[in-house]
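What follows is a set of notes on a single structure, which appears directly below.
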Amino acid sequence: MREQLLAAEKVKAIDWRDGMLHLLDQRLLPAEENWLPYDSAEGVAQAIRQMVVRGAPAIGISAAYGVVLGARARIAAGGDWRAALEADFKVLSESRPTAVNLFWALNRMRERLERVRDGETPLQALEAEAVSIHESDREANLTMAQLGMELIRKHQGSPQALLTHCNTGALATGGFGTALGVIRAAHLDGLVERVYADETRPWLQGARLTAWELANEGVPVSLNADAAAAHLMKTAGITWVIVGADRITANGDVANKIGTYQLAVNAMHHGVRFMVVAPSSTIDMSLESGDDIPIEERDGSELLDLGGRRVAAEVHAVNPVFDVTPADLIDAIVTEKGVVERPDAAKMAQLMCRKRLH
Ligand code: MRU
């Protein structure tokens, strides 16, 4: 399965090459495939803020490379470059608030910097750390794909209809995806009859990115309006809702793209299983519950305008872009460290004590 999955890894969103970070501009997909080069921490922070790159793991990986770019410029400028680098950590940490992978990656970079030994080159150490964050996310994707696929098979070994939300694929990660990685593995294992992809208003990550990734690989996919999900659970024989996460708290609550919570409520009502797939870098054990997660609010124009043109009435628009699904609506959280069924605080604590599987 691992070899098959690696062969299915066709799209990537992040490329560290020739000392520069190259990002596939996700705002233009699928109409245009345009790569943008970045050589500064400020540039990378702006790319994250403006959604050139998005998806929790991809944001963390990009921020790690942003630290490398910042350190290179600060070292070249001379003086107390470590103190000056704090400004880069700050600008990167302020780029988006909800996905904890961003802060996790910045912490890893900071800790690596503090561990630089005599005789080591700080810049090389930081670059190696960023590459390792990128590579380990790819490995985590492979492990989670296998574990999630086995969970689907355990409940039903025949082809079935799955529903997903937002984009959790190659574009959102360092590998081929979290929830979408599980869906890819299930497809390779003959377990997928059809994938229903929520369009995911207002950024249309489902319509533009998920549908594109799946269609490119020949996975049978139908696009649906977000509001059609309950109806489809009732009529289309959906067995699993499979989503990613931006932050999972110590009690198993999950922040993910706005609309995930209502999917979980609807799944419970219709007897549809609900799976969350995320690397352990998405788990924030410092927060007791989802009530403590900062929820990003974006500009109302994302709802009021379409294609740069005002289409809504001139009213105030409320635009929270994530919501929190309580743990008791979740059947399983799949991570590279293992699977937690019916998550709660005790099971999450036990999971985080285990060693990585890879
Ligand atoms: O606003 P976005 O596009 O960054 O939101 C992305 C999501 O909510 C994803 O579901 C989540 O990051 C998991 S990606 C593997």
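Glycine too: its Cβ is placed from the backbone N, Cα and C atoms.
Among the features that TrEMBL reports, active site, proton donor is placed at Asp246. If you look up TrEMBL, you'll see Arg54, Gly55, Ala56, Arg96, Gln205, Asn256, Lys257 marked as substrate binding site. Annotation comment: TrEMBL describes Cys166 as site 'Transition state stabilizer'.
On the structure: features taken from TrEMBL.
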residue: Arg54; record: substrate binding site; Cβ neighbours (10 Å): 25
residue: Gly55; record: substrate binding site; Cβ neighbours (10 Å): 31
residue: Ala56; record: substrate binding site; Cβ neighbours (10 Å): 30
residue: Arg96; record: substrate binding site; Cβ neighbours (10 Å): 22
residue: Cys166; record: site 'Transition state stabilizer'; Cβ neighbours (10 Å): 30
residue: Gln205; record: substrate binding site; Cβ neighbours (10 Å): 27
residue: Asp246; record: active site, proton donor; Cβ neighbours (10 Å): 30
residue: Asn256; record: substrate binding site; Cβ neighbours (10 Å): 29
residue: Lys257; record: substrate binding site; Cβ neighbours (10 Å): 29
Alpha-carbon spacing, Gly55 (substrate binding site) to Asp246 (active site, proton donor), which is rounded to whole Å: 8
Rounded inter-Cα distance in Å - Asn256 (substrate binding site), Asp246 (active site, proton donor): 5
Additional residues surrounding substrate, by Cβ distance to the Arg54, Gly55, Ala56, Arg96, Gln205, Asn256, Lys257 centre under 8 Å: Ile59, Ala99, Cys166, Asn167, Thr168, Ala172, Gly244, Asp246, Phe322
DSSP three-state assignment for Lys257 (substrate binding site): strand
Of the binding-site residues listed as Arg54, Ala56, Arg96, Gln205, Lys257, the one whose CA lies nearest the CA of the residue listed as 'active site, proton donor': Ala56
Pairwise Cα distance for Ala56 (substrate binding site)/Cys166 (site 'Transition state stabilizer') [Å, integer]: 12
Close-lying binding-site residues around ligand 1 among Arg54, Gly55, Arg96, Gln205, Asn256, Lys257, where CB distance stays under 6 Å: Arg54, Gly55, Gln205, Asn256, Lys257
Substrate binding residues Arg54, Gly55, Ala56, Arg96, Gln205, Asn256, Lys257: largest Cα-Cα distance, in Å and rounded to whole number: 17
Three-class DSSP secondary structure - Arg96 (substrate binding site): coil
Separation of alpha carbons, Cys166 (site 'Transition state stabilizer') and Gln205 (substrate binding site) (Å): 5
